[in-house]
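**Q** Checked TrEMBL, it gives:
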- CYS139, ALA140, ALA141, PRO142, GLY143, GLY144, LYS145, GLU162, ASP193, ASP211: S-adenosyl-L-methionine binding site (BINDING)
- CYS265: active site, nucleophile (ACT_SITE)
Amino acid sequence: MLTRLKAKSERNLAKQICKVVLDHFEKQYSKELGDAWNTVRDVLISPACWQYAVLLNRFNYSFELEKNLHLKGYHTLSQGSLPYHPKSMQCYLSRTPDRMPSERHQIGNLKKYYLLNAASLLPVLALELRDGEKVLDLCAAPGGKSVALLQCADPGYLHCNEYDGLRFRWLKQTLESFIPQPLVDVIKVSELDGRDLGDAQPGTFDKVLVDAPCSNDRSWLFSSDSQKAACRISQRRNLPVLQIELLRSAIKALRPGGLLVYSTCTLSKAENQDVISEILNSYSNIIPVDIKEMARTCSRDFTFAPTGQECGLLVIPDKGKAWGPMYIAKLKKS
């Protein structure tokens with residue numbers, strides 16, 4: 001009976017996969033990733049084997065929750081071995097596709113944890129946020145990376161920006177759910193076009209995160225409207241143009257000596273390595289920062305594909321390590 005139910009559920013999931021997108025990815029990623037694409041594809045089209053990490057909220061800590069996670073066999077994200085990993089940021093990973101229930105948003109009550117793809121913490125850790133720094137999260141919705149930044153340190157000023165109206169409201173609600181009132185006073189939430197922010201606030205920030213709009217491989221594979229999916233694919237070639245414009249704005253907003261982290265949740269070389277190469281070729285004052293050490297110390301929890309860049313990492317979904325896709329690149333302004 002259980003086997004029949006499992007088979008039926010797998011058939012239902014298979015029906016939801018958008019063939020237009022899968023065929024497109026098949027052509028591109030089998031070239032870009034080689035043999036690794038077969039495993040990546042199998043994980044991406046099988047939501048039943050996806051994993052969910054649990055990021056604890058230090059502003060509403062629960063000893064019982066942490067004890068429960070230990071009992072369920074969760075482990076912390078490479079604690080202590082990363083070049084930068086503040087003790088205040090506690091994230092628990094499971095090696096099985098276990099998923100904690102989501103907490104409901106309740107005004108006045110802070111949530112105890114945030115569910116996320118563990119790979120999305122790597123851009124946050126790469127930024128190395130310190131107390132008192134001014135930080136810009138240029139494309140901040142739905143807010144998970146902003147919440148993670150605030151688990152790491154107490155910034156002097158955090159500017160969370162999101163241009164899309166619906167996602168902007170989602171960002172505000174996420175921050176309300178996790179951040180206590182005193183900290184809200186050092187956070188600015190704006191709904192500006194990220195491409196204009198550098199001109200509005202030149203040389204202002206110590207750290208800038210650009211988690212850019214991209215071909216979201218996981219969600220695109222499950223597009224319910226195949227016409228909309230085909231339209232997305234045809235417009236996909238325009239994304240690197242937008243990503244480069246956002247990075248140019250971020251570089252303007254960054255002070256000399258400041259750090260910039262660029263990230264996407266796509267495997268696409270055109271939106272990842274090619275975008276960063278274009279930036280490095282265009283600016284004499286932007287220096288790549290070597291982050292290979294992060295890949296070495298995180299290999300227990302993540303599978304990385306070669307990027308050909310010392311400043312860039314690509315997390316690819318793997319069996320038992322179903323995190324990613326996530327591309328991370330780290331740059332410094334001289």
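Residue positions begin at 1 at the first shown residue.
A Cβ is built for glycine as well, from the same backbone N, Cα and C atoms used for every other residue.
Keep in mind that this is a model prediction, so the values were computed, not measured.
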**Q** In whole Å, how far is CYS265 (active site, nucleophile) from CYS139 (S-adenosyl-L-methionine binding site) when you measure between their Cα atoms?
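**A** Computed Cα spacing between CYS139 (S-adenosyl-L-methionine binding site) and CYS265 (active site, nucleophile) is 13 Å.
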**Q** Over the residue list CYS139, ALA140, ALA141, PRO142, GLY143, GLY144, LYS145, GLU162, ASP193, ASP211, recorded for S-adenosyl-L-methionine, what is the maximum interresidue Cα distance in Å?
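**A** Spelled out: the longest distance between any two Cα atoms in CYS139, ALA140, ALA141, PRO142, GLY143, GLY144, LYS145, GLU162, ASP193, ASP211 is 20 Å.
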**Q** Who sits close to GLY143 (S-adenosyl-L-methionine binding site): which same-chain residues at least 6 apart have their Cβ under 8 Å from its Cβ?
**A** CYS160, TRP170, LEU171, GLN173, THR174, LEU175, PHE178
**Q** Measuring Cα to Cα, tell me the gap between the residue listed as 'active site, nucleophile' and ALA141 (S-adenosyl-L-methionine binding site) in whole angstrom.
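**A** The Cα atom of the residue listed as 'active site, nucleophile' is 13 Å away from the Cα atom of ALA141 (S-adenosyl-L-methionine binding site).
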**Q** Using the structure shown, find which entry in ALA141, ASP193, CYS265 (the recorded positions) has the sparsest Cβ neighbourhood within 10 Å.
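**A** Counting other Cβ atoms within 10 Å of each of the recorded positions ALA141, ASP193, CYS265, the minimum falls on ASP193.
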**Q** How many other Cβ atoms are found within 10 Å of the Cβ atom of CYS139 (S-adenosyl-L-methionine binding site), counting all protein chains shown?
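**A** CYS139 (S-adenosyl-L-methionine binding site) is surrounded by 23 other Cβ atoms within 10 Å.
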